[in-house]
Amino acid sequence: MKCDLVVVGAGPAGSMTAKVAAEAGLNVVMLEKRQEIGDPVRCAEGVSKAALRELVEPDPVWVSAEVKGARIRAPDGTEIVISEDRAGAEVGYVLERKVFDRALALDAAEAGAKVMVKTRALGLLEEGGVLTGVSAQFVGESLKIEAPLVIGADGVESKVGRWAGIDTALKPKDIETCAQFLLLDEGIDDEYCEFYLGNEIAPGGYVWSFPKGQSIANVGIGVLGSKANSGTPVMLLREFVKKRFPEGKILEMMVGGVPVSGPIETTTADGIILVGDAARQSDPITGGGIINAMRAGVLAGDIAAELVPKGEVDKTSLQVYEKRWRETIGKSIARNFAVKEFFVDLTDDDLNRLTHSLDGIDIAQLDLRGLLKVLVRQNPKLLLKLRHLIV
Amino acid sequence: MLLVNRYKCGYCGACVGVCPAAALELVETWIEVNDDCISCGRCTKICPLGALELTKEAQA
């Protein structure tokens, strides 16, 4: 099989790349190793309304719920409330990823891309040192797909980058190890996304409750890999649920790893572009990855459409992708990585003190950056190291 | 040697993401381990479900 572009992975990053490239006239093949797209879910499913609307028209079939804002709870129970339009990239809509991911793949298919499920990429094809495509397995049968450019949209477990010599391995301090229950409980707040902080609750991470309507929510936990031990996330999540939602009924269980490494050194190689979690483009503070993945996909799709017809797909030509994503989504990813590196080592006392320092200040209309600014102003000593980040 | 308890595994791929030797792969609903495994134990610590285990002989 021959085409202009192979996209490995049919999540939001892959489908956006495939759609944009196909719309621009490229002959695109998108591979998904699983037999279903969007399942199993490995995500809290929260996303900013405004950011999503810039990328795709919201459809009620894949929006589970809309929220009014976020509540952040300090270890001692003190709360901060932020309104939805300001809380940043992960609050606004709570999605149904199983439906959302398939809808995005459908968009790519309608734009002309060929979608192949239960098709796993096995390695890169080469001829005389030049990348010529991928070898794959389609429902157990070998298959060669020839293309000058390969997009690695293959998620946290990405292989495409590694095959091309890009070291994408995450250090334990650069991954949040996560567990989540779809929980039914009368105590679920249907109107707010909730974040619970504390070194006992979630070392180097947080517990979340993202409502999906009718007293159901994604209640999950992220623990920093360097502070975790075998099975820590599920164990701590069970403890949290037992305390906070003792009568809660678990309808589904999900696990996953979220890159929080900040921008990696390179996301391109000769004939290779990495997008989304494969490129470690998730936000190091919130762990949100959908919007960044989709934006990176749009950039990659555009660039593929521009460069493939010219035959300019070597690493030097692909620097335009590095430049564009680092100048856009990369800026907040880099800043939030530095903030995360600082925050993961704060004690519960520090976290309480920071929360109390906001007493009497109207923060409802602040975004994450604005909130940081106020925190630095109120806690100049404690947050001295963050001053340079907040200009 | 690295053992994967596939009855515990939630096939999320977090272990694959941290493997410094690229020895792991997530294939649909199971994890495959190849000969490149260096028994470093990184994957066992970050597994959210505790499905991975290093046997003692290999650690010595």
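Backbone N, Cα and C define each Cβ position, glycine as well.
TrEMBL lists A:A13, A:E32, A:C43, A:A44, A:G46, A:R97, A:A121, A:D277, A:G289, A:I290 with the feature FAD binding site. Look at TrEMBL and you will find A:174-258 tagged as domain 'Digeranylgeranylglycerophospholipid reductase catalytic'.
The most densely surrounded of the binding-site residues A:A13, A:C43, A:A121, judged by C-beta neighbours within 10 angstroms, is A:A13. Using a 10 Å Cβ-Cβ cutoff, A:G46 (FAD binding site) registers 26 neighbours. Following the DSSP three-state reduction, the secondary structure of A:G289 (FAD binding site) is coil. Whole-number maximum of the Cα to Cα distances across the FAD-binding residues A:A13, A:E32, A:C43, A:A44, A:G46, A:R97, A:A121, A:D277, A:G289, A:I290: 29 angstrom. Residue counts for the domain 'Digeranylgeranylglycerophospholipid reductase catalytic' (A:174-258) by DSSP state, with H, G and I taken as helix and E and B as strand, are 17 helix, 42 strand, 26 coil. Its Cβ placed at the centre, A:G289 (FAD binding site) has 27 other Cβ atoms within 10 Å.
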